[in-house]
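As written in TrEMBL, here are the features:
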- 77-126: domain 'NADH-Ubiquinone oxidoreductase (complex I) chain 5 N-terminal' (DOMAIN)
- 143-443: domain 'NADH:quinone oxidoreductase/Mrp antiporter transmembrane' (DOMAIN)
- 12-31: transmembrane segment (TRANSMEM)
- 43-63: transmembrane segment (TRANSMEM)
- 83-111: transmembrane segment (TRANSMEM)
- 123-143: transmembrane segment (TRANSMEM)
- 181-201: transmembrane segment (TRANSMEM)
- 221-241: transmembrane segment (TRANSMEM)
- 262-283: transmembrane segment (TRANSMEM)
- 295-313: transmembrane segment (TRANSMEM)
- 393-412: transmembrane segment (TRANSMEM)
- 432-453: transmembrane segment (TRANSMEM)
- 547-571: transmembrane segment (TRANSMEM)
- 720-742: transmembrane segment (TRANSMEM)
Amino acid sequence: MFAEFSYEYVWTVPSCPLVASGSTGLVSFLLPKATKGLRRSCAAFSILSLTVSMFISFLFFWQQNVSHSTQEYLWSWILKDDISLKIGFLVDPLALIMSILVTTVGISVTIYSDSYTCHDQGYARFSAYLSLFTASMLGLVFSPNLIQIYVFWELVGMRSYPLIGFWFARPSAANACQKAFVTNRIGDFGLLLGILGIYWITGSFEIYELCDRFIELISSGSVNSVFANIIALLLFSGPVAKSAQFPLHVWLPDAMEGPTPISALIHAATMVAAGIFLIARILNLIEILPLSMSVISWVGGTTALLGATLALTQRDIKKGLAYSTMSQLGYMVLALGIGAYRSASFHLITHAYSKASLFLGSGLVIHSMEKIVGYSPIKSQNMLLMGGLRKCMPITGTTFFLGTLSLCGIPPLACFWSKDEITAESWLYSSYLGWIASITVSFTASYMFRIYFLTFEGNFRANNISHSNFGISRLSDNNISLWGETKKELSSEKIIDNPLSSQNAELTEAVPAVYSAKKNLTHEKEIQTDSDVSHSHNLLNTEESDFFMVLPLIVLVMPTLLAGFIGVNFLQKESGLDSLSEWLTPLIVPIKSDKANLIELLVDSTGSVSLSFVGIFISYVMYGPVDFYQRKIYKYIRGIKVLDENLLSSFGDFIQGWSLNRGYIDYCYNVYLIKTTVFLSKLVVFFDQWVIDGIINGTGASSLFGGEAARYGGSGRISYYSFGLITGIIPLILLAVLTSPIT
């Protein structure tokens with residue numbers, strides 16, 4: 001009776017952050033001058049509201065785990081003869097797991113953002129937006145029907161707009177939020193069409209009801225399979241945009257223009273996770289359509305590989321992590337496309353905590369770099385200006401290292417268990433998808449350790465520029481090549497191949513000049529010696545951030561280390577089921593693990609772990625300690641002449657151009673979509689102004705002039721009328737004579 005009664009109060013989970021958002025916004029509106037003094041109080045209230053939501057979520061989760069039941073609390077909204085729509089809340093394992101995920105990450109981000117944005121004039125506005133963003137996501141996960149899901153789906157997108165463009169005075173941020181908003185509208189329009197289509201087929205918006213009806217209709221052949229696949233893919237188009245899947249992924253790296261706390265929340269537990277949640281929610285509907293499942297799996301596989309290749313040589317630390325998120329989301333979509341519901345849910349959990357830790361760690365790095373290089377993101381987020389930060393930021397460096405190991409799939413950290421499952425099941429489904437998943441594993445390890453090495457290891461490279469009479473703003477990212485060397489010559493033509501890319505605008509500001517080819521090695525050594533002398537002095541300016549910014553990193557490290565064990569029968573239960581399978585029992589058919597023990601499981605994962613270590617080794621060779629690379633590897637390769645140096649350089653330039661130009665996808669969109677649309681729009685405007693308006697205006701003008709002419713002709717004199725009559729009759733007579741047949 002208690003459990004049944006308690007579920008009626010699940011509405012308090014999204015309501016708590018909603019109340020916090022409204023209170024903060026109201027205080028900042030009514031008492032703008034007092035908001036600064038009430039900053040701590042507003043932050044404490046926001047954290048308290050999320051804590052209450054988290055506690056209630058854990059309570060419901062414990063009850064649901066005991067009963068293994070699905071509960072709905074509904075009330076009627078629209079009642080008519082031909083339509084019945086109810087609103088309420090659906091409580092099942094997926095909703096509760098997502099609720100716990102959103103609230104735990106949300107609390108960490110809120111604590112972190114209190115200190116991160118404390119000096120910003122828009123602090124209260126950011127706090128209100130953040131709480132409302134979390135409330136929208138919580139409302140989404142508890143929605144029982146597609147209409148309610150769509151409402152909260154749009155609220156999540158709407159809240160992301162002001163958060164991504166929080167620093168709207170910066171043109172790049174204003175453009176980024178518009179790009180994210182428009183791109184998501186494309187997917188959302190497809191989702192709306194899919195919702196209307198599924199209602200037309202099943203006559204219901206309730207998720208469980210429409211899934212059952214849809215399966216019955218497909219099984220009986222009452223619905224055309226082509227039409228059914230179109231509806232399923234239209235429903236899938238929403239998650240394609242929201243979860244940054246190819247080809248609607250282009251908004252994700254630009255969304256890094258927002259403050260780092262919102263980047264962490266978007267990439268870990270809210271916006272991009274919403275797409276994965278929706279696919280998992282309606283997977284029963286899609287599973288019966290093999291073509292749609294195949295399309296979903298290949299979209300996920302393509303996105304995973306594409307995101308990994310685009311992250312290989314990114315210079316902005318946040319954009320590198322953004323492409324990493326895109327790749328990992330591709331893994332989850334791939335898993336859902338092959339029917340691996342549990343593996344996708346597992347990776348969603350493990351990735352969320354690891355990625356939240358990495359993003360918050362990158363925020364601390366940026367926070368420290370701003371004190372030295374300034375507040376421009378082109379410099380403060382540029383990894384090629386960093387290096388050696390682990391020495392002065394040990395906690396941040398350690399947590400970032402653990403998050404990197406987890407994302408690379410190194411046992412026994414969290415992402416290892418989930419990523420290995422997806423890779424193994426990909427091989428069972430298709431060898432092509434298996435190869436894609438396996439290659440992506442190696443790429444992931446390579447670019448993640450590249451980020452770690454460039455940021456936390458080696459020497460602090462900003463000194464090399466500031467003491468070379470070039471100034472930090474004159475740093476060219478191409479001074480450090482793909483292979484880790486300092487280039488003595490730099491061709492401005494190789495900076496970027498796409499003159500229309502947004503990267504070009506950034507580099508134009510960051511690279512006003514290039515190095516002269518006449519600089520000799522002696523001068524370079526003098527510069528290096530000078531920078532070494534001042535190295536320790538500059539590093540004193542970079543230090544660990546305050547306790548309230550470091551605390552969330554320490555907290556998030558725990559699930560980064562331990563969350564993976566929920567998907568493994570670590571305690572050797574008699575049921576043979578791991579904890580995650582038991583939690584998802586109402587939604588999936590639990591399968592006992594074939595692995596006798598952890599040793600056997602680790603042995604079977606040797607292949608994927610080996611690929612990860614290959615990627616780590618390659619990254620270490622390229623971006624690790626320079627002495628190791630130059631004195632050992634480079635000379636060794638040159639000695640045995642394994643690779644031609646020019647070939648290696650050309651290959652590196654190709655990868656660098658591919659990554660920095662975002663796979664030239666933005667360029668193609670700009671040329672073939674945007675410019676074509678603008679051209680057609682100009683044609684339509686021209687046709688409207690000169691043809692449509694011309695006909696109307698011409699008719700009016702002719703009537704005006706004809707009336708004026710008639711007015712002057714109507715003088716009342718009979719001679720004028722006779723002349724006009726004769727003038728009209730003579731042509732008619734001539735016409736009749738000329739056209740009459742000759743006899």
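Glycine too: its Cβ is placed from the backbone N, Cα and C atoms.
Remember, predicted model here, so these are calculated numbers, not experimental data.
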### Task
Would you mind listing the long-range same-chain contacts of the transmembrane segment (432-453), meaning Cβ under 8 Å and 6+ residues beyond its ends?
297-298, 301-302, 304-305, 308-309, 311-314, 317, 320-321, 323-324, 327-328, 330-331, 334, 338, 383, 400-401, 404, 407-409, 419, 422-423, 426, 607-608, 611-616, 618-620, 622-624
### Query
Between the stretches 12-31, 43-63, 83-111, 262-283, 295-313, which wins on the count of C-beta pairs under 8 angstroms to the transmembrane segment (547-571)?
83-111
### Message
Assess whether the transmembrane segment (12-31) lies in contact with the transmembrane segment (181-201), where contact requires at least three Cβ pairs under 8 Å among residues 6 or more apart in sequence.
### Response
no
### Message
With CB pairs under 8 Å as the measure, which of the listed stretches 83-111, 123-143, 221-241, 720-742 comes out on top against the transmembrane segment (295-313)?
### Response
221-241
### Task
Determine which residues of the chain contact the transmembrane segment (43-63) at the Cβ level, with the cut-off under 8 Å and only residues 6 or more beyond its ends counted.
3, 6-7, 9-10, 12-14, 16-17, 19-21, 23-24, 91, 96-97, 99-100, 103-104, 106-107, 110-111, 114, 127, 130-131, 134, 138, 583
### Message
Averaged over the domain 'NADH-Ubiquinone oxidoreductase (complex I) chain 5 N-terminal' (77-126), what pLDDT does the predicted model reach?
### Response
87
## Note on the structure
DSSP puts the residues of the domain 'NADH-Ubiquinone oxidoreductase (complex I) chain 5 N-terminal' (77-126) at 28 helix, 11 strand, 11 coil
